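Notes follow the structure.
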Amino acid sequence: MEPSPALAWLLLLSLVADCLKAAQSRDFTVKDIIYLHPSTTPYPGGFKCFTCEKAADNYECNRWAPDIYCPRDTRYCYTQHTMEVTGNSISVTKRCVPLEECLSTGCRDSEHEGYKICTSCCEGNICNLPLPRNDTDATFATTSPINQTNGHPHCVSVIVSCLWVWLGLTL
């Protein structure tokens, strides 16, 4: 019995269609990011962010983002997402920023009717992969305390005073 050429063509077309579906994925995964993360940095604590200015959507931003380290005077990755009320992206901006630019995260309605702007910041290497789409996503996520001081002089004086009183009472 001879195999049918029609069946062979059907199987071949099915295989090609599956390959095309896989090739048109429009989102990055964490595995993709692993390949972008080198083992050395140009300075201690060096990090990267996805960077783009007014890209059409998240895919276009992340796809063409330059693979460079953020300047030393920055500490966070910033993302601003402008979208229609339906959720369709209008504009995506991502960059490295200092703390001051991360103090107003959240979502707000734009002056243009029907637009919503959500802003988020994060701390970490290439942490700004996803887009903020609502108040739950539009946050300021840090891995370390924002207000880091070199010490607490008031606490030290209280401890010393307590020790002085304790030593004075036990003598």
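Just so it is clear, glycine is given a Cβ too, placed from its N, Cα and C backbone atoms.
Summarising the annotation, Swiss-Prot assigns signal peptide to 1-25 and lists sequence analysis as the type of evidence.
As annotated by Swiss-Prot, domain 'UPAR/Ly6' applies to 47-141. Averaged across the domain 'UPAR/Ly6' (47-141), the predicted model reaches a pLDDT of 94.
Among the features that Swiss-Prot reports, disulfide bond is placed at CYS49-CYS77 (among others), with the record citing similarity to another entry. The number of other Cβ atoms within 10 Å of the Cβ belonging to CYS77 (disulfide bond), over all protein chains shown, comes to 27. CYS77 (disulfide bond) falls within a strand segment according to DSSP.
Taking all protein chains in view, 25 other C-beta atoms sit within 10 angstroms of the C-beta of CYS61 (disulfide bond). Residues annotated as disulfide bond in Swiss-Prot: CYS52-CYS61 (among others).
Around CYS70 (disulfide bond), taking its Cβ as the centre, 19 other Cβ atoms fall within 10 Å, counting all chains. Per Swiss-Prot, the feature disulfide bond maps to CYS70-CYS96 (among others).
Residue density at CYS102 (disulfide bond): 22 other Cβ atoms are found within 10 A of its Cβ, drawing on all protein chains shown. Annotation comment: Swiss-Prot describes CYS102-CYS121 (among others) as disulfide bond.
The annotation disulfide bond is assigned in Swiss-Prot to CYS107-CYS118 (among others). Here the Cβ of CYS118 (disulfide bond) has 22 other Cβ atoms within 10 Å, regardless of which shown protein chain they belong to.
Sequence-distant neighbours of CYS122 (disulfide bond) (same chain, 6+ apart, CB under 8 A from its CB) are TYR76, CYS77, THR79, ASN128, PHE140, ALA141, THR142. For the recorded site, CYS122 (disulfide bond), the DSSP three-state label reads strand. Per Swiss-Prot, disulfide bond is recorded for CYS122-CYS127 (among others), and the stated evidence type is similarity to another entry.
Residues or ranges marked as N-linked glycosylation site by Swiss-Prot: ASN134 (among others). The number of other Cβ atoms within 10 Å of the Cβ belonging to ASN134 (N-linked glycosylation site), over all protein chains shown, comes to 11. Secondary structure from DSSP puts ASN134 (N-linked glycosylation site) in coil.
Residues or ranges marked as GPI-anchor amidated asparagine by Swiss-Prot: ASN147.
According to Swiss-Prot, the feature N-linked glycosylation site maps to ASN147 (among others), an assignment based on sequence analysis.
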Long-range Cβ environment of CYS121 (disulfide bond), under 8 Å and at least 6 residues apart: TYR76, CYS77, TYR78, THR79, VAL97, GLU101, CYS102, THR105, THR139, PHE140, ALA141
Using Cα positions only, nearest of the recorded positions to CYS127 (disulfide bond) (CYS61, CYS96, ASN134): CYS96
Local backbone state of CYS96 (disulfide bond), from DSSP in three classes: strand
Cβ atoms near CYS49 (disulfide bond) (within 10 Å, other residues, all chains): 25
CYS52 (disulfide bond) versus recorded positions CYS70, CYS96, ASN134 - nearest by Cα: CYS96
Which disulfide-bonded residues sit within 10 Å of ASN134 (N-linked glycosylation site) - Cα, from CYS49, CYS107, CYS118: CYS107, CYS118
